[in-house]
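Structure first, then comments.
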Amino acid sequence: MGEELKVRTMAEFMAEGKQPEILFWVGSAGSYDDRAKKITKAFVKILNKANVDFAVLGTEESNTGDVAKRAGNEFLFQMQAMMNIEVLNAYEVKRIVTCDPHSFNCLKNEYPSLGGNYEVIHHTQYIKSLIDDGRLSLEGNTYKGKRITFHDPCYLGRANSEYNAPRDVLSKTNATIVEMKRNKSTALCCGAGGAQMFKEPEKGDMDINILRTEDALETKPEIIATGCPYCKTMMTDGIKFKEKESEISVMDIAELIANT
Amino acid sequence: MEYIPNILFAIILVLGVGYFARNVKKLIRNIKLGREVDASDNKSQRWKNMARIALGQSKMVKRPIAGIMHVIVYIGFVIINIEVLEIIIDGLLGTHRIGLKVLPESIYGFLIGAFEVLAVLVLLAVVVFWLRRNVVKLKRFLSSEMKGWPKNDGNIILYFEVVLMCLFLVMNATDTSFQELGSGNIISQFIAPWFQGMSESSLHLIERSAWWLHIVGILVFLNYLYFSKHLHILLAFPNTYFGSVEVKGKFNNLEAVTNEVKLMMDPNADPFAAPVEGEGDEMPAKFGASDVMDLNQIQLLNAYTCTECGRCTSACPANLTGKKLSPRKIMMDTRDRLEEVGKNIDANNGEFKDDGKQLLGDYISNEELWACTTCNACVEECPVSINPLSIILEMRRYLVMEQSAAPMELNNMMTNIENNGAPWPYNQMDRLNWAKEE
């Protein structure tokens, strides 16, 4: 990525008595996981390029509790939620953007009844609005004519009915978008949701990410685009399993756009 | 003596409807064993959902072949049942085709003609359904939970429909005065020749038999519903009304937990304070669900509504990759256990006697519950707004919060979140390190 990333924290904004345009919720995967960190950095590069005045919570951010909730640990979820809400409300946060559909869903739908009311936006929606508002222009023809298939993350698609924003962004790259047979509301899960990311799968005939990778391979793509750090990991592993990593790359939409 | 048929008809009608009403009462009692749930919000949206999904069959047609066949049977069923109205009036008053006396001949002929055409379409659709289940052997009808009674149940319903439709057509074909009328016998005029050469009295006997068997058949079918997956023809309506009006990703926050967490986090809270009268005593006896009484009433209504079509299971990523989990089985198990509890209550003078069994373990295994990715594919697929995922989550909650019985890796993950605010063992102070890395 070369150029240095400009990242400021809410605490720094507060010290200057300023409010950022938007808070970037990095999430646990985006903060610590090597593959997800690439998405985080790519998204920051986009925010810098579009001159977005954004902040992160940095060390004051904690896990949303989403994965604990899906695993059945409502106590841990609500403890995490209330701690985060305390921090967010103290900073008077109004708008949040995140690259993780699980954080997006949790912050948007499950925090309000616990006292956390924010406008929550997924990064594909935010990138789309930056392009639509003329703040971000896509130069170059990096992806012109390339075959890209988009894997819908369950927590962006089915869970929140957002199918268009990622596709709209992809269409701006002049790539050829090819749909898998299971797409949008009938898209197949990558296999990571519901806390599966953190455990071995139950006994079966195959792993879910392999089946989903097969769906993607049927479209003969050059790039598999995702909008979720967990989906990216699962699909990348699937492509490796199929020994196709030299021909097909798995990229988050933020990475795709940051490269144009 | 001449009133005997009328009296006999009235008795059969009262018995048929009465026994059904008794079972409906039982069904409502069983559903009320569940936790209460507030669904008084979004009334207009709920009516719209019912009109669109149940009445309008909007989700059925997502799979075109089964969808269109189903719409034919559904429309046929609803419209042909108008004929039952005439049968009931005729039966009670001892009249014959009262419709001809109150309606102009042309309109009556049009109605009966439409019923006859629909009856043939229903027969065709039912044959296709039977072939799909027994000859084509669609994968979703062959799952392990479909062995035995569920498979027979599916076929019995189809046989019922064939018999009822045939009786209706034969009844019209052997009604000489109706055939002479020449209006509305669009289909039956082609069946009438099969009975040519029979005497007037034998034709009358066949006509009367078909008429009686038709109405008795309908009453038997009505009473069969309670014991069958076919209850959906009635329950699809309340079920789509009570179905979720929220986005699918939103899982409910347990209020009892909120109260406890708030208490834990509030430095000023007095843990020994006496609870305010009428407040806070709604705390459930346990967190999550291990048996049907721990589920809410909508989830139990879901279980009775399920018609075991298996669209959920055919879209479930866990099931598609050979795991034990099948969302349809979750619903079937819930209903089976609820029925078992209901019978227990009947046998013990209205009181449930502990039978040493529960939904968790005796019906649904931990292995099934932990295979779920919470992807909502099953919820999306269901043509009548059933939510198997909510039951899976409720049972996971019981496993984790009451039994600490999560898989070890998940316990590690949760410990990490508690200690470091991340599912991995990284220091919270390193959370912004990515910004400085190359």
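Don't overthink the numbers, they just go from 1 along the chain as shown.
Cβ coordinates are placed from backbone N, Cα and C, and glycine is handled just like the others.
Note that this is a predicted model, so its numbers are computed, not measured.
Panel annotation: around the transmembrane segment (B:6-24), residues 88, 91-94, 215-216, 219-220, 222-223, 225-226 of the same chain, lying at least six beyond its termini, place a Cβ under 8 Å from a Cβ of the stretch. Positions annotated as transmembrane segment by TrEMBL: B:6-24 (among others).
According to TrEMBL, the feature transmembrane segment maps to B:65-89 (among others). Through the fold, the transmembrane segment (B:65-89) approaches residues 13, 57, 95, 97-99, 111-112, 114-115, 118-119, 121-122, 124-126, 128-129, 132, 161, 165, 168, 211, 214-215, 218, 233, 309 of its own chain, all at least 6 residues removed from its boundaries and within a Cβ separation under 8 Å.
Long-range neighbours of the transmembrane segment (B:109-131) within the same chain, counting only residues 6 or more positions beyond its ends whose Cβ lies under 8 Å from a Cβ of the stretch, are 65, 69-70, 72-73, 75-77, 79-80, 82-83, 99, 103, 155, 158, 161-162, 165-166, 168-169, 172, 178, 181, 183-188. The transmembrane segment annotation in TrEMBL covers B:109-131 (among others).
The feature transmembrane segment is assigned by TrEMBL to B:156-174 (among others).
For B:209-227 (among others), the entry in TrEMBL reads transmembrane segment. Within the chain, the transmembrane segment (B:209-227) has long-range Cβ neighbours (under 8 A, six or more residues past its boundaries) at 9, 12-13, 15-17, 19-20, 23-24, 26-27, 81, 84, 87-88, 91, 156-157, 160, 163-164, 167-168, 170-171, 174, 233-234.
Residues 27, 30-37, 39, 63, 66, 139-141, 143-146, 150, 153-154, 229-232, 235-236, 238-239, 242-243, 334-335, 338, 365, 367-369, 371-373, 375, 377-384, 386-392, 394 of the same chain, all 6+ positions outside the domain '4Fe-4S ferredoxin-type' (B:296-328), place their C-beta atoms under 8 angstroms from a C-beta of that stretch. The domain '4Fe-4S ferredoxin-type' feature in TrEMBL is assigned to B:296-328 (among others).
What TrEMBL records for B:361-392 (among others) is domain '4Fe-4S ferredoxin-type'. The list of residues near the domain '4Fe-4S ferredoxin-type' (B:361-392) in space but at least 6 beyond its ends in sequence, with Cβ under 8 angstroms from a Cβ of it, reads 49, 53-54, 57, 59-60, 62, 232, 235-236, 239-240, 242-244, 248-249, 251-252, 289-290, 295, 299, 302, 305-307, 309, 311-318, 323-331, 333-334, 336-337, 399, 405-407.
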Chain residues outside the transmembrane segment (B:156-174) and at least six past its termini with a C-beta under 8 angstroms from it: 73, 80, 83, 112, 115-116, 119-120, 122-123, 126, 129-130, 133, 185, 187-189, 191-192, 194-195, 203-204, 206-207, 210-211, 213-214, 217-218, 221, 224, 228-230
